[in-house]
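Q: As listed in TrEMBL for this protein:
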- 370-466: domain 'SSD' (DOMAIN)
- 31-48: transmembrane segment (TRANSMEM)
- 318-334: transmembrane segment (TRANSMEM)
- 341-361: transmembrane segment (TRANSMEM)
- 367-390: transmembrane segment (TRANSMEM)
- 411-431: transmembrane segment (TRANSMEM)
- 443-467: transmembrane segment (TRANSMEM)
- 487-507: transmembrane segment (TRANSMEM)
- 745-767: transmembrane segment (TRANSMEM)
- 774-794: transmembrane segment (TRANSMEM)
- 800-821: transmembrane segment (TRANSMEM)
- 833-857: transmembrane segment (TRANSMEM)
- 863-885: transmembrane segment (TRANSMEM)
Amino acid sequence: MEHDGHDASRSSWMATGIESITRVACRWPRATLWLVFATTIGCSLFAWQNLAIKTNRADLISPDAPYQKRWNAYAKAFGDVTEDLVVVVEADDRRAIIKAINDLGPRVERESGFFKNVLYRIDLRPLAAKGLQFLSTDELQKLVTKLRRFRLMNVMLPEAETNRRLEESNATGAELADLSKQVEQLVVAWRNRSAMPPEQQAMVEQQTLELIGALTHAEPGQEPVTPPDYPAEGDIENRRLQQTERYLLNDAGSMGFLQAQPVVAPGDLNGATESVAKMRDLMAVVQKRHPDTQIGLTGVPVLEHDEMKQSQSEMSEASIFSFVGVALVLFAGFRRLRHPVLGMLMLVVGTAWAFAAAAIVVGHLNILSIAFAAMLFGLGNDFAIVYLSHYSDLRERGTPLLPAILETSRSVGPGITTAALTAAAAFFAAVLTDFSGIAELGLIAGCGIVLCNILTFVFIPPALVVWDRNWELDPQPPRELAVQARWWNAVSLATFVVIFGVIARHAPSVRYETNLLEMQAEGTEANLVQKRIEEKSAGSLLYAVSMAPDRKSALERKTAFEALPAVGHVEEIASMFPPTPTPERQEMMTSIVRALGALGASSLKTPDPSAIGRALDELHTQMSQSRTAAVTVAAAKLDRFLDDLSTKTLPEQIRQFSGGMTSLPPEMANLASPGALEPVNEQDLSQAFYSRYVSPEGKWLLKIFPKEAVWDEKPLEEFVNQVRSIDQEVTGTPLQNFEASRAIWNSYLEAGGYALVAVLVLLWWDFRTIHECLIALLPAACGLVATLGILGWTNVPLNQANMIMLPLLLGLGVDGGVHVIHDYRSQTGGYRITGACVRSIVLTAATSIVGFGSLMVASHRGLFSLGLVLTVGVTGAMITSLVALPSMLSMLTPPGSKQRSAAETAEPGVDAPVTTILQHREMPAA
């Protein structure tokens, strides 16, 4: 197939326009440069003040998406919904965990500017006082019967025995009060023991040993009176009737939890950053005070914060590596310093302009668009490389300064602009997708590429006029590549096809990874703590939420959710409220309260031993510092006593302290209070606990926890489908992750499709032939397929971070194809790729490889994989441009055809030959 060179009529208007811009910029070069630098400073300041960074993943999602609307409805109902910061306290000793939590909890509660709804223990005493209302009708009937028997037993006992029991009951409160006072006095004495004389120290030790001996040895022959058993039927744990307070512990008692929601001011784009930092400061203080525990922090806001902070840090490092690496590549390619420096200056200016454009068109960066700076380093500099490469080639042939600049703008300007527009179109196409994060990235990156293309013709030409005005070179003969024999082209093409086929066969095995944890760096604190929670606890950081209109519906949904195979457990508050009272139940409860009151007021006054337990804990801490053998033994006994005490219920604790003298269990005594029959309401629960499950509008929340971790796609899909079978409006982080991962996948595919259409239109606009458009697309297609093949071969998955390669590789690959086709159309007869074209493609590819390869220094696995796929893709596109395309075009254009000069193919006054330009008088440098 013969071709007759480039038809100048197709791009003459573009070449003329670019040449005109170049002439204007070069007429006043210094003024132009000062204007560019002034705008760069202004853009930098504007971006610094106005460009924010959003760390919330929800900012990536369109608010019009159905699943996001469900999330927003949940957020509206419960007010500024944010996931909890989860502090995890680990230790072998349950009491050590509780002490650390009690130390940290009040500190967190005091920081109301950073945290809200702090939850680490639940005070259940108000509910215990209304415990009758939680019993079933059968349990109430049994209690009525037992109280009648107990009252009959009291009547049948001798009067002296009855009086003795009443006296003992009256003495219990005083006895426990005396014990509490004695323990507190000993704690104070032990704190000041170091300042006491030896005889006083010995006295304190003796009193302590006597107290511990009395506590740990029961009096011989003293047995507690056996009252009627308190009803044990039913799920007492769920009713929380035998506990005064409940801590958030795992079943083994080896983990304690503190939950707090971060306070995020409206419009604050930093998310939970300040709250996470403050929590870690508080944890550091408490960790020093409790070295026997291990305190860690996790939670979805922490995972997102750490990921964003790490991404920002590593992107900054990658940008520095990219900048330095690109500069070294340019220096090696041009073998001089001035032009690489000029190219890097253009990149700095383009980046500043792009940041300002991002602040104007979007106003912020998100966790996807933050990568656009590294992309711009890889893409934006390509235009300068092509321009400077052709300019240097002309100067080395002896062309004067200004004619070389104008000829470069005229000859390669249309190709640079076409490549820039196709790359920008590939990114702008992402704006048409429904995923906001990708749309914003496409808009920002597309604007950056267009600005770098403009700078190629308004910054580099005047800079060359100023910098190269005294640069004189001895003319050198053109370095043209020899035309290869047709058999060699066939062998090269066949070898390429075979190697490409071997790699491409692995492309179908590439997989898409939806697990967000697999993108983060290994070994981060939040990640490790989250994994330990899943291993040692039935809890999970991820749960679905369902909003029921009333309490009855909430209980019905709970039963339905718990029957699902993928559901582990359901947390709600509806079951903590008693059944609806009926006349029959009300009559029985009234009868019980009267019966308890008739047993005597003295037996109803039972103190709470929790204060004594806390004082004994402090006493044990002080005794542990003593080196006296007897004290050490006593401390060990006290430790065992407290361990045993922590496992007992409230009535058992009172009997332990008081020698079993109470005639009624405290639960039953509390039930005789006047408020025992008052309805249970929200004031009986802590506000931090209640507000998590009941909205101000009266919606009841259920938290549905999965049976197994739902970070991976298969268990996540099963969990989502099953919970939606009960409630179509269910939402929560697992469902957001599920929908968002699919939306990202579909959006990237849509963006790739839109980009392909846009690129084809631009290529047709430039080339006007189908076969040349398809050949120009070949490097992009081969680079993409080779990337998928390498990923499948090495078992590296696609993920939400590296899927951006679709529009990127399309823009980068087409860049090389466009330059080869323009080089091909500039010749007649047998095609041979020119040295300037080879250098342009190699340098642009090398800078892109270095720019994107710098991401591979990141420990964040998402950024690393992004650098990997782009490095492989650009390498594949470069090899295709330098091997496959020239061989194919050479085979399609046999040598020996009549060559036509540039003068014959050019329109008058438009594409004048270099010989004519050389006759022009060079404009003096300003």
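Every residue, even glycine, has its Cβ placed from backbone N, Cα and C.
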Q: Can you name the far-off residues of the same chain, 6+ from the ends of the transmembrane segment (833-857), with a Cβ under 8 Å from a Cβ of it?
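A: Contacts of the transmembrane segment (833-857) (Cβ under 8 Å, skipping residues fewer than 6 from its ends): 314, 317-319, 321-322, 325-326, 328-330, 333, 371, 374-375, 377-379, 381-382, 385-386, 389-390, 393, 478-481, 812, 815-816, 819-820, 823, 863-864, 866-868, 870-871, 874-875, 877-878, 881-882, 886.
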Q: Can you find at least 3 Cβ pairs under 8 Å between the transmembrane segment (774-794) and the transmembrane segment (318-334), where each pair is 6 or more residues apart in sequence?
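A: Answer no, regions not in contact.
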Q: Using a Cβ cut-off under 8 Å, which residues of the same chain at least 6 positions beyond either end of the transmembrane segment (31-48) come close to it?
A: 25, 348-349, 352-353, 355-356, 358-359, 455, 458-459, 462-463, 466, 926
Q: Go through the chain and flag residues at least 6 beyond the ends of the transmembrane segment (745-767) whose CB is under 8 A from any CB in it; none is fine as an answer.
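A: Counting only partners 6 or more residues beyond its ends, the transmembrane segment (745-767) has Cβ contacts under 8 Å with 10-11, 414, 418, 421-422, 425-430, 432-435, 438-439, 442, 512, 773, 776-777, 803-804, 806-807, 810-811, 814, 818, 821, 825.
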Q: Under an 8 Å Cβ to Cβ limit, what residues of the same chain, 6 or more beyond the ends of the transmembrane segment (800-821), are close to it?
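A: For the transmembrane segment (800-821), the nonlocal Cβ contacts are 368, 371, 375, 378-379, 382, 386, 415, 418-419, 422-424, 426-427, 429-430, 438, 441-442, 449, 514, 516, 519, 740-741, 744-745, 748-749, 751-752, 755-756, 759, 763, 766-767, 772, 775-784, 787, 833, 837, 840-841, 844-845, 848, 862-863, 865-866, 868-870, 873-874, 877-878, 880-881, 885-886, 889.
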Q: Could you give the residue numbers and ranges of same-chain residues that sit at least 6 residues beyond the transmembrane segment (487-507) on either side and whose C-beta is under 8 angstroms from one of its C-beta atoms?
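A: Result: 782, 785-786, 788-790, 792-793, 879-880, 883-884, 886-888, 890-891.
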Q: Let me spell it out: take the transmembrane segment (341-361), skip the flanking residues so only those 6+ beyond its ends count, and list any with a Cβ under 8 Å from a Cβ in it.
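A: Cβ under 8 Å, 6 or more out: 36-37, 39-40, 42-44, 46-47, 50-51, 323, 326-327, 330, 369, 372-373, 376-377, 380-381, 384-385, 388, 443-444, 447-448, 451-452, 455-456, 459-460, 463-464, 467.
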